[in-house]
Ligand SMILES: Nc1ncnc2c1ncn2[C@@H]1O[C@H](COP(=O)(O)OP(=O)(O)O)[C@@H](O)[C@H]1O
Ligand SMILES: CC(=O)N[C@@H](CCC(=O)OP(=O)(O)O)C(=O)O
């Protein structure tokens, strides 16, 4: 059975040290099995720019035409997914990469407002049995956040949204969101601090006030949704400090912890 789901943001992939992948290998050897869902927003944007295809975000989600979708699929399941698999295997782990389209792993439907935003999906179902099957082979599943519907239409799904749905479907205790900031930041007495823990009420307040913006919005929305779905704790951390995953799993002070309100 998987022990935790980790979402790795495109913002930080290049900055993750070899030690980060070695820790994942060590956890796997100790029987603490990770499932990885990754992003790749900056790499998608860079390739779109090279191809001179304009790109635009609406409420943190990329407007996705058929042309953009081709690039999203190529970058996420071709470039980024294989990069992570290579790094894990280099560290001595055994990783298998796939996208949400493989084996209909992530079933999706168009998001609300799809007339404007295009082929952006919301997760309707995750084939947890496939993920468990890969773990049963002794491998770490590495999942690119694309989805598919019954008609065979592909969707671009935000990676935080995908990771939240995967975590809820697997029934894990922890979703660890690895990003380029050490946690959720708030201005307290004129000073920016990392919140060690936060609540749904505080998150809603910070979205209203604009203290949570951009890429942090899909993260906290996915966090609140998967807590409703049975995950015990979502932790937002940076992956650049050695041993970060172990500290999160042992409940030591690290990043920002979000738990369901009582
Ligand atoms: N309250 C906040 N605390 C920390 N970061 C925030 C906050 N609100 C917005 N952000 C932004 O969210 C970014 C992380 O989201 P994003 O760039 O989408 O990363 P990823 O690729 O890891 O998903 C941070 O770099 C920061 O600019
Ligand atoms: C619909 C949507 O916005 N999809 C994202 C998928 C990648 C992603 O979420 O990557 P990060 O985690 O690095 O942001 C995109 O096209 O950028």
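Glycine is treated like the rest: Cβ placed from N, Cα and C.
Straight from TrEMBL, the features:
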DOMAIN    4-238  domain 'Aspartate/glutamate/uridylate kinase'
SITE      7  site 'Transition state stabilizer'
BINDING   40, 41, 62, 156  substrate binding site
SITE      219  site 'Transition state stabilizer'
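Closest to residue 219 (site 'Transition state stabilizer') by Cα-Cα distance, out of the recorded positions 7, 41, 62, is 7.
There are 26 other CB atoms within 10 A of the CB of residue 40 (substrate binding site), with all protein chains counted. Under 6 Å, Cβ to nearest atom of ligand 1: this is the test, and of the recorded positions 7, 40, 41, 62, 156 it is passed by 41. The predicted model assigns the domain 'Aspartate/glutamate/uridylate kinase' (4-238) a mean pLDDT of 96. Other than the site residues 40, 41, 62, 156, same-chain residues with C-beta atoms no more than 8 angstroms from the centre of those residues' C-beta atoms, the substrate site, are 10, 39, 44, 45, 72, 75, 76, 145, 158, 159. A separation of roughly 13 Å, to the nearest angstrom, links the Cα atoms of residue 41 (substrate binding site) and residue 7 (site 'Transition state stabilizer'). DSSP assigns residue 7 (site 'Transition state stabilizer') to a strand.
Candidate recorded positions: 7, 62, 219. Fewest other C-beta atoms within 10 angstroms, 62. Annotation note: residue 41 (substrate binding site) sits in a helical segment as assigned by DSSP. For residue 156 (substrate binding site), the Cβ neighbour count at a 10 Å cut-off comes to 26, with all displayed protein chains included. For residue 7 (site 'Transition state stabilizer') paired with residue 62 (substrate binding site), the C-alpha to C-alpha distance reads 18 Å. According to DSSP, residue 156 (substrate binding site) is assigned to a strand segment.
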